[in-house]
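Below you will find the structure I want to go over with you.
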């Protein structure tokens, strides 16, 4: 039973879906019933598949490759090597806190459902509303930025394949980039319209591709490179020549953390996939923690391997190099060109990264659609009944296509202003982490004594770990809102606080003006 915004008792599910009878021995199914929800999605994912979705969204090949320029500019090797470990350790604590809550509440709603349950009856609707909108908009921003970065990488591959910038290579226009972006989203939406068994296969393939791709590149690139950095350079060199008017080493290092923290996001996918995961109260938490932990290890290896091939930072960041200033593309291309006289091998290596980014975007749409499905199931979205519908394969098909369309529309801002586009996608990091921190905050405050843990529990350390996680999110929210260049102009202004603040104002305003009159938080759909 689903309650729409108007309060009418409606069901958007075909009868064959309502009659699905999953294995009653499954602890996740039993817990879902206890929480008041019927099993509407096919519960077919193993712990490996659940892990694979989060791992492929984190995708170290995606985050590190696309933001390597940022790390090189702000601190260089020291920012990479040590910033990754610092961000990784704190992210793992955030993951542990989320995993504990996920074990108690294994539903596709994830974060917003957790906030509702932990904030208590009085604050539940408002807490759920704020968390849910920050979560879903952050997810849309992630999908937008991931698929847009893939479109940009494709244009770099085209540029290098046609001779490079210094060899008369073809540089696609911004309209070609947006066309690639739309085409990628179309393919992702089609793939996500397939049954969950197919998505499970692609998810595991994506995880394997990310791991193998990292090991291939971290060994191959420094092995092929004719000039290699010393261990001293990799572990101790700090680049202060950023050209942005920033001289403070601490300030530079903090800005360099963005690469690491942006990469280590998206692991809430394991929570959003719990209604399709066997024994979700156990396997959902495992998916969250393992995806973060393995990403930290694999990502550090990738960073080290690539950085050993870095010898000339200014040249890598120069817009006049063959890759047009795309640092990792230039590293790959020049490594093979200097060794073999041709950069074809480097282009093939970029293809490995491109496939990883493709899988990342695919899994991101999967997570988006499950969040939208759950949020609309509780009537939080306009036309909720429509977005909540599932097809004969038990896939939330309308939510899938909505997520793809919104991601495309968000990218259209790049045609008018890259500054506006970057401000919008900045919500991908800060917006998501605010959504991560809210239920943890409620867990360690309002629900400190009433929280009932599931099979996975942090025990007496739960509150301490939770507070550290909340304080870390508060810290990075401030740090990543700081100016990234001086003097501050409309071109150099960091619009992250504007974008996040704008989202907060819209969310709170919609609550005050409308939602507080009809939204009551998560609504059960099982008959008493």
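Any Cβ shown, glycine's included, is placed from N, Cα and C.
Just lifted these from TrEMBL, have a look:
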- 1-25: region 'Disordered' (REGION)
- 47-68: transmembrane segment (TRANSMEM)
- 80-99: transmembrane segment (TRANSMEM)
- 140-163: transmembrane segment (TRANSMEM)
- 175-194: transmembrane segment (TRANSMEM)
- 206-225: transmembrane segment (TRANSMEM)
- 288-310: transmembrane segment (TRANSMEM)
- 340-361: transmembrane segment (TRANSMEM)
- 399-421: transmembrane segment (TRANSMEM)
- 427-446: transmembrane segment (TRANSMEM)
- 458-482: transmembrane segment (TRANSMEM)
- 494-513: transmembrane segment (TRANSMEM)
With pairs fewer than 6 apart in sequence excluded, do the transmembrane segment (427-446) and the transmembrane segment (175-194) have three or more C-beta pairs that lie under 8 Å?
no
Verify whether three or more Cβ pairs under 8 angstroms connect the transmembrane segment (399-421) with the transmembrane segment (80-99), leaving out any pair fewer than 6 apart in sequence.
no
When each of 140-163, 288-310, 399-421, 458-482, 494-513 is checked against the transmembrane segment (47-68) for Cβ pairs under 8 Å, which one has the most?
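By the under-8 Å Cβ criterion, the transmembrane segment (47-68) pairs most with 288-310.
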Any contact between the transmembrane segment (427-446) and the transmembrane segment (288-310)? By contact I mean 3+ C-beta pairs closer than 8 Å, pairs at least 6 apart along the chain.
no
Quick one: find which recorded stretch in 140-163, 206-225, 288-310, 399-421 has the most Cβ pairs under 8 Å with the transmembrane segment (340-361).
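Per the Cβ under 8 Å count, 140-163.
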